[in-house]
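Record features, source TrEMBL:
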DOMAIN    114-186  domain 'Cation-transporting P-type ATPase N-terminal'
TRANSMEM  158-182  transmembrane segment
TRANSMEM  194-214  transmembrane segment
TRANSMEM  351-373  transmembrane segment
TRANSMEM  393-422  transmembrane segment
TRANSMEM  815-835  transmembrane segment
TRANSMEM  887-904  transmembrane segment
TRANSMEM  955-976  transmembrane segment
TRANSMEM  988-1009  transmembrane segment
Amino acid sequence: METLLKDFNVPGKNASEEAQRRWRSAVRIVRNRRRRFRMIADLNKRSEARNKILKTQEQLRVALYVQKAAFIFVDAVRGNEYELSAEAREAGFRIHPNALAHIVRNHDIKSLESLGGVLGVATKVNVSLNEGVKLSDIPVRQKIYGSNRYTEKPSRSFWIFVWEAFHDLTLIILMVCAVVSIGVGLPTEGWPKGMYDGLGIILSIFLVVSVTAVSDYRQSLQFKDLDKEKKKIFVQVTRDGYRQKISIYDLVVGDVVHLFIGDQVPADGLFISGYSLLIDESSLSGECLPANIYEDQPFLLGGTKVQDGSGKMLVTTVGMRTEWGKLMETISEGEEDETPLQAKLNGVATVIGKIGLGFAVLTFVVLTVRFLVDKLLRNEFTDWSSSDALTLLNYFATAVTIVVVAVPEGLPLAVTLSLAFAMKKLMNDKALVRHLSACETMGSATCICTDKTGTLTTNHMVLEKIWICGKAKEIKGNVDGGVFNSEISEKALTILLQAIFQNTGAEVVKDREGKNSILGTPTESALLEYGLLLGGDFDAQRREIKILKVEPFNSVKKTMSVLVVLPDGGLRAFCKGASEIVLRMCDKIVDNYGEPVLMSEEQVRNITDVINGFACEALRTLCLAFKDFDDTFNENSIPDSGYTLIAVVGIKDPVRPGVKDAVRTCLAAGITVRMVTGDNINTAEAIAKECGILTEDGLAIEGTEFHSKSLDQMKEIIPKIQVMARSSPSDKHILVTHLQNMFKEVVAVTGDGTNDAPALHKADIGLAMGIAGTEVAKESADVIVLDDNFSTIVNVAKWGRAVYINIQKFVQFQLTVNVVALMLNFVSACISGSAPLTAVQLLWVNMIMDTLGALALATEPPNDGLMKRPPVGRDVSFITKAMWRNIIGQSIYQLAVLGVLNFYGKQLLKLKGSNATEVLDTFIFNTFVFCQVFNEINSREIEKMNILRGIFDSWVFIGVMVCTVAFQVIIVEFLGTFASTVPLSWQLWLLSILIGSVSIPVGTVLKCIPVERETPRHHDGYHPLPGGPEFLA
């Protein structure tokens, strides 16, 4: 089978357009192309959209970078033509929305200066830059300037899905056959008997279409909900004088927005204030070089990303007036790349469809030839009646229905159904899947490279220890800082507070109740909280000292620096960051009197011991330092040497509850967990041991040491690496690349920073943090872990495995039905000249195995046993030998029983009378359906004996089973006129159920037949072995 499916192999991530087009062109037999390819990207439309985007980017690039004087002049003239409405003037606004949009879009600095700069624009849009927008003004601002929403395609109604379901070619042919059957039957058999066959087919088609449309519509609603979650982006704004977090879609013109590294600029606007603000405009203009934003170049465009620095902006244009809004309108919604399973199952459907089509043609030919030979033997070849035509028409309808059953449209669509179900459940479990394939691929993950802070730990940080002036002090709760203040000089305390309050990206703000709250990263918040505990006044410090330049923290430098002007006019730089890095930048130390003194080698060793001591207690260590300058200093850069060490702090970040169990679950599942962190190696080792990641034979290594190794050395040590400390994003990227290329691992990687984007993109599954993660990281990720919890990542892996195994169950079940239905009708047609299953009955069987079968088997929740088996390898066959064993075994049993009933049923069942044939055909149909019902239960486990485990946890499965049996009773007992059935006695009902139930012991016997396992070999060279109880569980 795998040889036949070679054209349908598509990578789970970053698939080439060639591979995508190859498998699409290989799909030959499709009953309903609209439905089959609805959830798969239209490559032609995607290409058109890409060209439109490039054209828009080019136009914007021209407008931004190579404007002509005449172009500016024309736009300026247009700008004067805008007239503000009376309503806008009454509300206090003095500038037209389009005029404002023109200034920012075209970077028209002259027009901005003529309005009085940013302050003048703020006045014209009636807002205070300190207080922000008033909540009471929001409705009128939205009415005058618009809301920050983009034009979206309307969602599909239920009737669209009904219409698409009707586009099934085989159903259309059957409807034509039904109409012809009615047209021929009425004159031949009269009213109403002549209507029954045709009307039965029509009613069956409407039932199939209705169930299909409802299933597809429910899927679309699930994807719509998930799409809404993907678009949720929040920013910090100042409104009514208070900082608050709001959705970007609630922004209005006049809002004051606070921007940080990794944020998406939520709308067009103007720079108010900030430090080292660097904007990546490539998503909008296509330009690779980032733009520096400052007072003389204040224009910010929505959709761009903050690459470095921080700042405040005034929103001037929102929604469809922004260039980003126009670009978003161009981008097609719902163009999700196909998953590997979707492509592969399209291939399986194509192969089986070709076989089924051949059998359908053969069946029709055999039936027709037998009919013609029979007429010839009776010398009636030239005598044709309408009943003969009706017989041939029924043969044709049966052949077409065999195609309906034989072409398993439900296979690739079952993947979508299962993924939609899993994604919805994962959303409730705090994991937002951005790409369908990620959920599927996560089930095959063999390695998780995880961050420490916030993922393995709680990210609720508290400063627990400090070393200053040669003394170490443990901080216990919110005790009065005065005790510690008395132990150090006032000058040393002043420098310490300056280092905490000036060199920070966090802020102390007051809420509506007047209480102080800290906004910033957990590390910054812990330091600020300690500064307040010591009696420091954040606002007073910020008023007294002017900040000249800020170099924000990033994961490459691992330091943050700030240059300030002291109250006496002197210049001072503060630096904080990774303890050993900052310590190397220092040549002096603050003594007991707060004075800088030269640092001796012995002091360096002592401080290093302090740092290591803190780290071994699982504390995150930071060093704080400062440097004073004279008047000759160049203010354009902050130096990276000659500092004076102020203090070493140890910050406690406890391990999350449940992480140790989650790591143990991963190891039992054959998933290696590696911690990749920027922290000190001693801190990382302590946390890794506590989590169960670092074992006695495992290796902990620093990033600098790792990337200095040769390829051969890396190949030797990578399997042993369990902790990588002081790592940079490039170290993480190198590790991921080598794991994939050298060891063929399926790698999941977590990340939260802007610089993590390349590793997230490179990994098989990129996992961004929902709380600590930047918008840049989230955009590069496949899954967003909304609670930043490692246990959630393990849950994603479990659901990924559930999706894979559920699809395998469904494929096993459907292929069994395919084989039995095809062979039964074909063999019967060849031997007896008639097909035991009519068109209506086959349509019902098709619905059982297609839509209802997918609902029952593809939506089963995961069980704990899934995480006690090794992951599925990259090149392992999807249809395993165990599945073929079950398919062939069950098919042989069902064909043997149904074959015997078909040819010897009357004698065995002692059926007599004029309706014996109808009773036998009904009994065969009933037995066939119950064989499928019990085989569906059998398919819940492919290799294990206990098929009933967790059956009552899957209410969908139970519901489908009940509905199938109930409707089967209705068809047999009450719809015989349309379905060509007759009511059965209770004895025959019981016998049908008993014969069907034998599928379960047959399945048990089959599972005792050993087959070779396709377990992928781990890179360490061992095969994980299943335990004995697992086989029975």
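The backbone N, Cα and C atoms fix where each Cβ goes, glycine too.
Bear in mind that TrEMBL entries carry predicted annotations, made automatically and left uncurated.
The list of residues near the transmembrane segment (955-976) in space but at least 6 beyond its ends in sequence, with Cβ under 8 angstroms from a Cβ of it, reads 200, 844, 848, 852-853, 855-857, 859-860, 922, 925-926, 929-930, 933, 936-937, 940, 982-984. Comparing 158-182, 351-373, 393-422, 887-904, 988-1009 for CB pairs under 8 angstroms to the transmembrane segment (194-214), the maximum falls on 158-182.
The stretch in closest packing with the transmembrane segment (351-373), judged by the count of Cβ pairs under 8 Å and taken from 815-835, 887-904, 988-1009, is 815-835. When pLDDT values are averaged over the domain 'Cation-transporting P-type ATPase N-terminal' (114-186), the model yields 83. As a summary of secondary structure, the domain 'Cation-transporting P-type ATPase N-terminal' (114-186) carries 46 helix, 3 strand, 24 coil according to DSSP.
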